[in-house]
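One structure is given below, encoded as structure tokens.
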Amino acid sequence: PNTSTAFRLSCPEVKVPFPVFFTVGIVSLAENLLVVVAVMRSRNLHSPMYCFMCSLAAFNTIASVTKTWENLMIVLADAGHLERRGPPETDLDDVMDSLLCMSFVGSISSFLAIAVDRYITIFHALRYHNIMTMQRTAAILGLIWTLCAVLAVLMVKFFNFKFIMICFIVFFVVSLAAICFLYVYMFMMARIHAKNIAALPGGGRDKSQHQRRWGSNMRGALTLTILFGAFVVCWAPFFVHLVIITVCPMNPYCECYRSLFELHVVLMMSHALIDPAIYAFRMAELRHTFRKMLFCSDWKFCL
């Protein structure tokens with residue numbers, strides 16, 4: 001106990017001011033809602049990849065709203081404007097935690113769906129529209145949202161059971177490995193394919209069209225790889241925090257890492273802030289749609 005107290009004193013909990021939470025939450029909420037509305041309103045974005053990206057933006061929105069609302073309730077309670085009633089407050093906290101877990105699992109699932117979609121686009125281009133129909137896309141999204149909601153409730157309800165946390169960790173690691181494998185395989189095959197195209201005789205129209213199509217697909221894959229990298233960087237500290245709570249809840253050597261919890265939450269919320277910026281910077285179609293929506297250059301987007 002004395003050792004634990006010493007670690008708490010040497011590693012005091014790092015507090016993040018509420019205005020930081022609130023600003024990050026509101027800005028990320030606005031950005032991700034912009035992505036969702038853009039995909040819904042623009043016919044040019046009605047494709048499986050953009051639907052999965054819209055799903056990712058929706059999960060980011062849930063994370064932003066959840067943590068902003070939770071921190072607002074804490075500030076109001078500390079200021080005496082909100083009465084702490086006990087069980088109802090605990091139930092509300094469980095709901096918030098469930099939504100946060102749902103956002104985490106949903107983001108990974110959306111990235112996995114996007115990775116599979118890009119793989120089919122690049123390596124089964126001729127059959128892509130037969131494989132990835134909008135009906136199948138809707139079914140996949142429905143399955144993702146249903147499973148994420150169920151898993152989130154189970155994780156929060158049975159959080160104290162180590163089996164649930166082990167399943168959570170396994171899901172994260174397996175999904176991470178599968179996504180990394182798909183992207184590494186795509187880029188390795190891209191290099192081989194580029195060499196094969198360069199080795200073809202002549203410089204005909206078919207060759208140049210094939211090069212442009214392949215280059216466009218690979219640029220899309222690179223953009224999604226950047227998105228996935230941002231997700232790992234922003235969510236990994238929070239995930240490690242959950243693992244530490246399970247593995248060494250009473251170990252004083254874990255105290256210093258746990259003291260940074262609020263920084264991990266801000267970093268996690270920042271992921272929702274970063275994603276739309278990557279969309280706007282890397283994807284011309286979305287950037288064009290954003291411009292029309294923000295400046296009302298097309299009256300349809302202003303209604």
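Including glycine, each Cβ sits where the backbone N, Cα and C put it.
Residues or ranges marked as transmembrane segment by TrEMBL: 20-40, 47-66, 95-116, 137-157, 163-185, 221-245, 265-284. What TrEMBL lists as domain 'G-protein coupled receptors family 1 profile' is 31-279.
Taking every listed stretch (20-40, 95-116, 137-157, 221-245, 265-284) in turn, the largest tally of C-beta pairs under 8 A with the transmembrane segment (163-185) is reached by 95-116. When Cβ distances are compared across the two stretches, the transmembrane segment (95-116) makes no contact with the transmembrane segment (20-40), since fewer than 3 pairs at least 6 residues apart fall below 8 angstroms.
If one looks beyond the transmembrane segment (221-245) by at least 6 residues along the same chain, the residues whose Cβ comes under 8 Å of a Cβ in the stretch are 56, 104, 107-108, 111, 114-115, 118, 122, 165, 168-169, 172, 176, 179, 183, 186-187, 190, 254, 257-258, 260-261, 263-265, 267-268, 270-271, 274-275, 278, 282-283.
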